[in-house]
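Beneath this line is the structure, given in structure tokens, with notes to follow.
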Amino acid sequence: MYIHYLKDLIGFKSVTPENDGAIEYIDDLLKQHGFKTEIKIFGDFKSEQVTNLYAIFGRNEPNICFVGHVDVVPVDNHALWHNSSPFKASKQDGKIYGRGAVDMKGAIACFLAASLDFIKNNAGFKGSISFLLTSDEEGKAKHGTKEMLQYIYDQGYKVDFAIVGEPTCEKEIGDTIKIGRRGSVNFKLNIDGLAGHVAYPHKANNPLPCLIKILHELTNIRLDEGTEFFQNSNLEVTNIDVGNETSNVIPASTEASFNIRFNNLHSAETLAKQVEEIIKRYCKEYKVDYKLEYSSFAGSFIQNPSAKIKEFAKVVEHTLKIKPKFSTSGGTSDARFVKNYCPLVEFGLLSETAHKINEYTKISDLQKLYDVYYNFLIKIL
């Protein structure tokens, strides 16, 4: 059934933060199989409103919760996709193509199939199975998982262990389980000099040489050497803007943006202090003024492998005959919200084609993921 569910889910044009009926489809399916469900819409303005779902079967402990998102990233060029339609699932050569196939409608489809089969085959099992789904993960992630978790806890629900279905595997299904994530901090730097004619540089103060020096040092600095589970922290320049359309004018100001993905040796605040010390030094040397702004929507985190995390890893190894590694690589995810409530693993399909043209998953990989999810429910419940 996971192929059927995935094809249906791909058919919803749920470009973040839109839901396009995907949540309602899952809600209806789970209701038909005895789940208690509730859809909540959060967001003050219509343009910000996000659709969320919590569904649970049973009320006993432990509550195993699948956390995921139905929203997908936008598609730029439909013509380059199979059948010219990223929102119409295409089955070719043992693969399912479509936007969201791996990130992360495929994992949702697998856990839907695994949980419904488990309930059918194991009447009277101990514990509970639940879903927490949102349409706001690929975007601002403001009114999705974060708010929904708080809401269900206010209603008296408690999650004992969560599986976040992000595409975590690298080369084959089962090779990677994520137990943490790097943090992310964005910087915007404005430097003000003095405009003038390029023929009279002594009557101006060009802010660009200062910016070049700053960015050169920032991009060459070694922030750390990494840790056991984290790669080294990394800074990337994402934008430089002068706003100068002519070649004979020294600009009055310049702006640069950069991002740091950091491990648990840092915080956004300590990095901002380190960055500003470098900026301040060069701006003083070049006699220019600056303004530095930074914002962080995600700090780094790492979990000590709990009993259930280790149990999940054993199920992966037993099911797929591959020993998974614990990792924290990649971008941010909603796991950063879930970890405040319960232990978790992030485990899903291969990440190779996520967000790409002709995103796809192998049907054989869907079967492997289904098997892991089903066998974990058997083991724990």
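Including glycine, each Cβ sits where the backbone N, Cα and C put it.
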Note: Swiss-Prot has D103, E166 binding Zn(2+) 1, and from H69, H78, H197 that site also includes H69
Taking 8 Å from the centroid of the Cβ atoms of H69, D103, E166 as the cut-off, which other residues in that chain fall inside it around the Zn(2+) 1 site? G68, M104, A107, E137, E138, G165, P167, S333, G348, A354
Nearest recorded site to E138 (Zn(2+) 2 binding site) by CA-CA distance, among recorded positions D71, D103, E166: D71
Distance check, please: Cα of H355 (Zn(2+) 2 binding site) against Cα of E166 (Zn(2+) 1 binding site), rounded to an integer number of angstrom. 12
Measuring Cα to Cα, how far is E166 (Zn(2+) 1 binding site) from E137 (active site, proton acceptor) in Å? 11
Least Cβ-crowded entry, counting other Cβ within 10 Å, from the recorded positions listed as D71, E137, E138, E166: E138
Measure from the Cβ of H355 (Zn(2+) 2 binding site) and count the other Cβ atoms within 10 Å, all protein chains considered. 16
Taking DSSP three-state, what's H69 (Zn(2+) 1 binding site) in: helix, strand or coil? strand
